[in-house]
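Asker: Please find one structure pasted underneath; my questions will follow.
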Amino acid sequence: MTSRPITPLLDTIRGPSDTRGLSVAQLEQLAREVRAEMIDAVSVTGGHLGSGLGVVELTVALHHVFDTPDDRIIWDVGHQCYPHKILTGRRDRIRTLRQGGGLSGFTLREESPYDPFGAGHSSTSISAGLGMAIGSALAGDARDVVAVIGDGSMSAGMAYEAMNNAGAAKSRLIVILNDNDMSIAPPVGAMSAYLSRLLSSKSWLSIRTLAKEIVARLPDALERTAKRAEEYARGMVTGGGTLFEEMGFYYVGPIDGHRMDHLVPVLRNVREAGRDGPVLIHVVTQKGKGYAPAENAPDKYHGVSRFNVVTGVQEKAKPQAPSYTAVFGKQLVAAAAKDHRIVAVTAAMPGGTGLDKLAAAYPQRCFDVGIAEQHAVTFAAGLACEGLKPFVALYSSFLQRGYDQVVHDVVLQKLPVRFAIDRAGFVGADGATHGGVFDMAFLGCLPNLVVMCAADEAELARMVVTAAGHDSGPIALRYPRGEGVGVEIPEDPQPLAIGKGRIVREGKGVALLSIGTRLQSCLEACEILAARGLTPTVADARFLKPFDEELVADLAARHEVLIVVEEGAIGGFCSHVATWLANQGLLDGGLKLRALHIPDRFFEHDAPEVQCAKAGIDAQAITTAVLDALKLETSATIDAGALKA
């Protein structure tokens, strides 16, 4: 274990106000110390490393120039917010990042007044910032609102919708484009820095405003010529910006995001200019800046487990079974080898969804559309219209962003699009913003859609094959984050019969009906109940839609107690089963039905097993539900012969 970094200047900082009297040289020292503190903290907790390292200087400069928290700084996505948390009074808890009861890995309104807007998903900052800017203006509050957004997030349409609105509204909003996909090249040198300072100065803004007013009075032909001349001139000196200018933004940049002597003057100029209308400052940074392993392999150090600071080697437990993501990726490649019509679509997550394997094997059949879930879904619908078999691989929480397209463009038209829904259920340290707990509720209500839920990796393999062969309409398969349970995966997985579940263990008296990941908890509960003399039947529903009505009716007829268990929110599988049982009159004869699902609240970051325990869907909760239904104490001895056979 390495010793804590030496941070004499940072040790004197209790909040952003303590940075405002510092010189540029002191700000540079503070940035170095914040970077060292962040590296050390993330080496202990794991988390998002590279993006935060890339914005250390920018973070220090922003809090130095702007009067936070009265001025608002909104961090898009939030991966990069660790330096911000260190500077805003949370340094003493920075080594609790993403731990149960500790700091969130994202910005969180209830955590600090310096977090004016919560994040986790991308491309929301400009919309939120514009709302805050207009809201403040209507209230008569003179404050600055700054939205910091990465170049990756600019691939989403929402960012441009917000910019279009901001340009038309002419509200005072500062957008900082954190461009970490460019190398720092000559355009970001001394001359560019000088021009950026000039273009952001109050005097230049005044001259330019006057010039625009004069041009507006010219005849149309002369006005067009003058505007075109200005575009050419600004393009030559700034290296770009015409697009943003056309959307109504005043463009400044690009500037070196790691040079405090470049950042501070530009930020101060923009703030002091007090210009009405939005401004975009183009800042070029390097992901992983200041930590060699992260600079050399930014993709591997975006999100990290615990690691050795000196070597950069991450601590990773030896896997006991392949991950569900890996199983999906492997099976999709196998299916694609047999059917040339299979293609895949991902929204900027080829590695995270396992599609990198397909991209390597069949690069022409794998499409990464960027952070654009809405487009991804409708693009896949178009592919299906032309006879292809598209698999759209998204995290459950990100599928929410394309829900209207699922309904309107796919399901309504019965197009055979396959949805591979990764990270279904609790996701642990990423918390509420990334939890995949709503998809069963929002997909289960849609006509024409088949929804499968994998209980283990072998079931997932069969579901990939099932989806590949399903051409009569849309179909979804959902599966959790992390490793499988260790079951053997068949060499040649066979498709499932649509809408048919399975009995996993025969018993009597009590039936446990699980869907998806909760099957293992049901089996664990059986072991606990066996010590009480109970031998429950265990069934795996496999399908949310259409669920196996024959199986449910059989379980209801043969048992006194039916416990339905899902790792999903209210309105999902439990609701479907309960409604059907009631409408069929199968609850009229005294069947004791209990529904175990995720309660009606959000669950913050913690270990997945802790989240399941808190939600009341783990083995102990299932055991308790059975005993309560039978009106038995946990220590009671069961007369198994008295139960319904």
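Backbone N, Cα and C define each Cβ position, glycine as well.
Checked Swiss-Prot, it gives:
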- His79, Gly120, His121, Ser122, Gly152, Ser153, Asn180, Tyr291, Glu373: thiamine diphosphate binding site (BINDING)
- Asp151, Asn180: Mg(2+) binding site (BINDING)
Asker: Please give me the CB contact count at 10 A for Asp151 (Mg(2+) binding site), counting all chains in the structure.
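Answerer: Within a 10 Å radius of the Cβ of Asp151 (Mg(2+) binding site) lie 15 other Cβ atoms.
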Asker: Tell me the Cα distance separating Asp151 (Mg(2+) binding site) from His79 (thiamine diphosphate binding site), rounded to the nearest angstrom.
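Answerer: With the alpha carbons as reference points, the distance is 14 Å.
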Asker: Just to be sure I understand the packing, how many Cβ atoms besides its own are within 10 Å of the Cβ of Gly152 (thiamine diphosphate binding site)?
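Answerer: Its Cβ shell of radius 10 Å holds 19 other Cβ atoms.
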Asker: Please give the maximum pairwise Cα distance, in Å and rounded to a whole number, for the thiamine diphosphate-binding set His79, Gly120, His121, Ser122, Gly152, Ser153, Asn180, Tyr291, Glu373.
Answerer: 32
Asker: Where Glu373 (thiamine diphosphate binding site) and Asp151 (Mg(2+) binding site) are concerned, what is their Cα separation in Å, rounded?
Answerer: 17
Asker: Tell me, by DSSP, whether Glu373 (thiamine diphosphate binding site) is helix, strand or coil?
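Answerer: Glu373 (thiamine diphosphate binding site) sits in a helix per DSSP.
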Asker: Reported as an integer number of Å, what is the Cα distance between Asp151 (Mg(2+) binding site) and Asn180 (thiamine diphosphate binding site)?
Answerer: 7
